[in-house]
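Undergrad: Let me give you the structure first, and then I'll get to my questions.
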Amino acid sequence: MERVNSTLVTEFILTGIPYPIRLRTFLFVFFLLIYILTQLGNLLILITVWTDSQLHARPMYIFLGVLSVIDMGISSIIVPRLMMNFTVDIKPIPFGGCVAQLYFYHFLGSTQCFLYTLMAYDRFLAICRPLHYPVLMTAKLSASLVAGAWVAGSFHGALQAILTFRLPYCGPNQVDYFFCDIPPVLRLACADITVNELVTFVDIGVVVASCFSLILLSYVQIIRAILRIRTAEGRRRAFSTCGAHVTVVTVYYVPCAFIYLRPETNSPLDGAAALFPTAITPFINPLIYTLRNQEVKLALKRIIRGPGATSKV
């Protein structure tokens, strides 16, 4: 009987985030704009890096283009489904759709963690080993590092999806969250989830802690190198090349640590924190990298002005 019941759940209902009914239309339009601007902003970054000859051959901007692809993917996986929360009808997500959403979110999210680490390492070489940088960080090496990040992220996402959905789900099917993520889905399992919680904590903890530690180590060395620069202008330019990366890493890692690396609770703050890596960070990344990066702004101007822009600068 228990075996039969475990097959009853064929779909899940995402409760979304709590909100006042009078704000339903406003929130739908708000997240629709967030989604559209996220896609357009990241697409603009991707096109700029791809078409500008001064950018697409440099590892830093190869990483930035890959980050834009990841941001577009995460936003597409999460935000449209979130917007359904602000419509009148309840729209369940199929069991297979829930599996796919959890897999792709953790696949892209972990790949993003690895990519942030690669970007920090790239800045470390550029500032601390400037004379050796062209030899140490070649286009071939950067492509290999990006490929490794994709493979590692895919493995991480598959591990989490398999561990989560190997358990039986026999009801209820109401996920108290706005997307299929590990903690809220596990609460619905009709089996002991102790092993899953332990593996999830260790696996995500290792990924987050190792990536963040390597980023922190890189920036300790970067700050030491910058402080040795004699001129104030030189120090300002060096800091400006790292400011955008530090900002997005902080906005991404703090909410992730809050959600996954603490004792299990069913707090409304979890949903609010999850909005940052799923909706806010993909939206602000293009703004940060265009407003704070002089080379990207110059590349955008060259694209807008056309082929004759180089000769006029």
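Just so you know, glycine gets a Cβ as well, placed from its N, Cα and C.
Residues annotated as transmembrane segment in TrEMBL: 26-49, 61-83, 103-121, 141-163, 204-227, 239-261, 273-291. TrEMBL lists 41-289 with the feature domain 'G-protein coupled receptors family 1 profile'.
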Undergrad: Can you tell me which of 103-121, 204-227, 239-261, 273-291 gets the most C-beta pairs within less than 8 Å of the transmembrane segment (26-49)?
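TA: Maximum Cβ contact count belongs to 273-291.
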Undergrad: To what whole number does the mean pLDDT across the domain 'G-protein coupled receptors family 1 profile' (41-289) round?
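TA: Taking every residue in the domain 'G-protein coupled receptors family 1 profile' (41-289) and averaging pLDDT yields 86.
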Undergrad: For the transmembrane segment (204-227), give me same-chain residues lying six or more residues beyond its boundaries with a C-beta closer than 8 angstroms to one of its C-beta atoms, as numbers and ranges.
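TA: The answer is 110, 113-114, 116-117, 120-121, 123-124, 127-128, 156, 160, 235, 238-239, 242, 246, 249, 253, 256-257, 260-261.
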Undergrad: Name the range, of those listed as 61-83, 103-121, 273-291, that has the largest tally of Cβ pairs under 8 Å with the transmembrane segment (239-261).
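TA: Result: 273-291.
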Undergrad: May I ask which of the stretches 61-83, 103-121, 141-163 has the most CB pairs under 8 A with the transmembrane segment (273-291)?
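TA: Against the transmembrane segment (273-291), the leading stretch is 61-83.
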Undergrad: Let me spell it out: take the transmembrane segment (61-83), skip the flanking residues so only those 6+ beyond its ends count, and list any with a Cβ under 8 Å from a Cβ in it.
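TA: That would be 14, 16-17, 28, 31-32, 34-35, 38-39, 42-43, 45-46, 49-50, 55, 93, 101, 104-105, 108-109, 111-112, 115, 118-119, 122, 139, 142-143, 146, 149, 178-179, 277-279, 281-283, 285-286, 289, 295-296.
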Undergrad: By Cβ distance under 8 Å, which residues at least 6 away from the ends of the transmembrane segment (103-121) in the same chain are close to it?
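TA: 60, 63-64, 66-67, 70-71, 73-74, 77-78, 142, 145-146, 148-150, 152-154, 156-158, 160-161, 179-182, 207-208, 211, 214-215, 218-219, 245, 248-249, 252, 256, 277-278.
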